[in-house]
Amino acid sequence: MRYIVVTGGVMSGLGKGITAASIGRLLMNKGYRVTAIKIDPYINIDAGLMSPFQHGEVYVLKDGGEVDLDLGNYERFLDIELTRDHNITTGKVYSTVIEKERRGEYLGKTVQIIPHITDEIKRRIRQVSRTGGSEICLIEVGGTVGDIESMPFLEAMRQLKYEESGNIFFVHVTLAPMTSDGEQKTKPTQHSVKEMRELGLQPDMIVVRCKKPLLPETKAKIAHFCDVPIEAVISGHDSDDIYRVPLQLEAEGLTKYIMKAMRLFPLEERRDWYDLVQRMDSIREKVSMALVGKYTSGSQCTDPMKDAYLSIREALKHAGIEAGVMPEISWIDAEDLERIQPEKVLRDFDGILVPGGFGARGTEGKMNAIRYAREKGIPYLGICFGMQLAVIEFARNVCGLEGASSTEFGETPHPVIALLPEQEKVRQMGATMRLGNYPAHLIEGTLAHRIYGTTEIVERHRHRYEVNPAYIEVLEKNGLLFSGRNGDLMEIMEIPGHPFFFACQFHPEMRSRPGRPSPPFLAFVEAMKAQRLRRTGSTYTLELTA
């Protein structure tokens, strides 16, 4: 087993995850089996209870693990499926060590950071890295070198370096800020590497984030002061799309240097990623789409395009590449649609998407958008909460069930959405939802069946509430169809006769991959293409820049 450890310096948010995923993709292109581990130094057990305002989306793995969004990038770039064990947190490590101490497994020893915490970190890394027949394991250490939270993990990496001598490679991601006169400053990188050395670690390669490509003199200066060959100073300049980053790093000589340093030889030359980017570059048409959510604006909100709805954005991109038309997303604050007529906001869009979410805030605005899509024949895709609200909207405005709602929001005369039976006695919030992969059976001849091309599917879930079985008959009697089911659980709803009205209780975006888009997202993009042609007679033309 060979390990590639990716650390970060200067500041957080430099793109360590994309750098690590890109390295993995490049090594996959050479024929190697690659896996990935994300270390998160926070004390939380997992990301399940973290606010999207602070942390971005919670990504769900096949086994129900609720993890950092970087693991979604690993799955998409490497086309693999990870487990909750691929996400190591301070909370998990300390919980395990404390449980062992309580069971008497340390035989009366004083339990300390070194060796007990660091040994547990290394045990987890070795155990996970050897599953699935992988040959190379990427390890991204979250946070920034120098953070107190990261110290035990960096010490574990130092120990691993000597225990796995010759089979471990350190990549340090730093920043070269640019002054107003265009000078690239190297001092932050120098100080970051100095701090890393004080912990007993020396980077084998430095990937320098910068606005424009690193100048030769900047590379030479970093190489001189940080004790790495100039070939190991890689320009990580800004790219307009994350899927170009592997090719950019390849052009910088990153793959060649890592393979030489780790005594690796090309086993094959895969071109599928190059072909993907070429297909993406060839797209000249676009469609317009409204994403109506609650994490799209406000002083607390991070950039929604990157964080809270990341997997949805990527799934739309995958579908767009396949369909030959790129969705242009407009981020609509659901609360705005509680004050403004939907017609004024939504009339020029080719499709409307309501994503997953929790809580009552913004729900009326979302349902106003759903009603507009249903009544005006605009393609609609609802995900998780977006399906529940579509059912509530239909119950109120088509079935005449006044006050129909979800028990999540309080008392209601018509609880068309209710708590799952197995959730009724649950009191602890963390890791207690219906999480991970579950199957569904699709009815032949339905839109769902046409989209998937099969009657049996598996998708990822993250929810506590479901359609109340007591209301299924009245809903279907009035024209709604539940075309996908798992026993008594309704997984997919559609409205026959509508150009495209599809909503699902699961999260199809989390199984979408570049070159293998999620079927519902691909169908949605195709429906938007048709809507654009009906509405204007043509699709938009992308504005190309030199």
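Using N, Cα and C of the backbone, Cβ positions are placed for all residues, glycine too.
Residues annotated as region 'Amidoligase domain' in Swiss-Prot: 1-264. Here the region 'Amidoligase domain' (1-264) has a mean pLDDT of 96 out of 100.
DSSP assigns Q190 (UTP binding site) to a helical segment in the three-state reduction. Within the same chain, residues at least six positions away from Q190 (UTP binding site) with a Cβ under 8 Å of its Cβ are I222, F225, C226. Annotation source Swiss-Prot lists CTP binding site at S12, D147, I148, E149, K185, T186, K187, P188, T189, Q190, K221, citing sequence analysis.
Look at Swiss-Prot and you will find S12, K185, T186, K187, P188, T189, Q190, K221 tagged as UTP binding site. Long-range neighbours of S12 (CTP binding site) (same chain, six or more residues apart, CB within less than 8 Å of its CB): G143, T144. Classification of S12 (CTP binding site) by DSSP places it in coil, neither helical nor stranded.
As annotated by Swiss-Prot, ATP binding site applies to G13, L14, G15, K16, G17, I18, D70, with the evidence given as sequence analysis. Neighbour list (K16 (ATP binding site), Cβ cut-off 8 Å, at least 6 residues apart, same chain): V6, T7, G8, D70, E140, V141, G142, V173.
Residues or ranges marked as Mg(2+) binding site in Swiss-Prot: D70, E140.
As annotated by Swiss-Prot, domain 'Glutamine amidotransferase type-1' applies to 298-534.
Cβ neighbour count for F385 (L-glutamine binding site) (all protein chains, 10 Å cutoff from its Cβ): 25. Feature annotation from Swiss-Prot assigns L-glutamine binding site to G357, F385, G386, M387, Q388, E408, R464; the stated evidence is sequence analysis.
What Swiss-Prot records for C384 is active site, nucleophile, and it gives sequence analysis as the kind of evidence. The number of other Cβ atoms within 10 Å of the Cβ belonging to C384 (active site, nucleophile), over all protein chains shown, comes to 23.
Under DSSP, H507 (active site) is assigned to coil, being neither helix nor strand in the three-state scheme. Annotation for H507 (active site): same-chain Cβ neighbours under 8 Å, separated by at least 6 residues, are V60, S311, G356, I383, C384, E459, R460, H461, R462. What Swiss-Prot records for H507 (among others) is active site.
Here Swiss-Prot flags E509 (among others) as active site. Within the same chain, residues at least 6 positions away in sequence whose Cβ sits under 8 Å from that of E509 (active site) are S311, I312, E314, A315, I383, S518, F521.
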Cβ contacts of L14 (ATP binding site) (under 8 Å, same chain, 6 or more positions away): G8, V173, T174, L175, R209
Sorted by sequence, non-G13, L14, G15, K16, G17, I18, D70 residues with Cβ within 8 Å of centre, ATP: G8, T19, A20, E140, V173
Residue from G15, I148, Q388 whose C-alpha is spatially nearest that of T186 (UTP binding site), among the binding-site residues: G15
K185 (CTP binding site), number of other Cβ atoms within 10 Å: 15
Three-state secondary structure, which DSSP defines for M387 (L-glutamine binding site): helix
G386 (L-glutamine binding site) versus binding-site residues G13, I148, K185 - nearest by Cα: G13
By Cα-Cα distance, the member of binding-site residues G13, M387, R464 nearest K221 (CTP binding site): G13
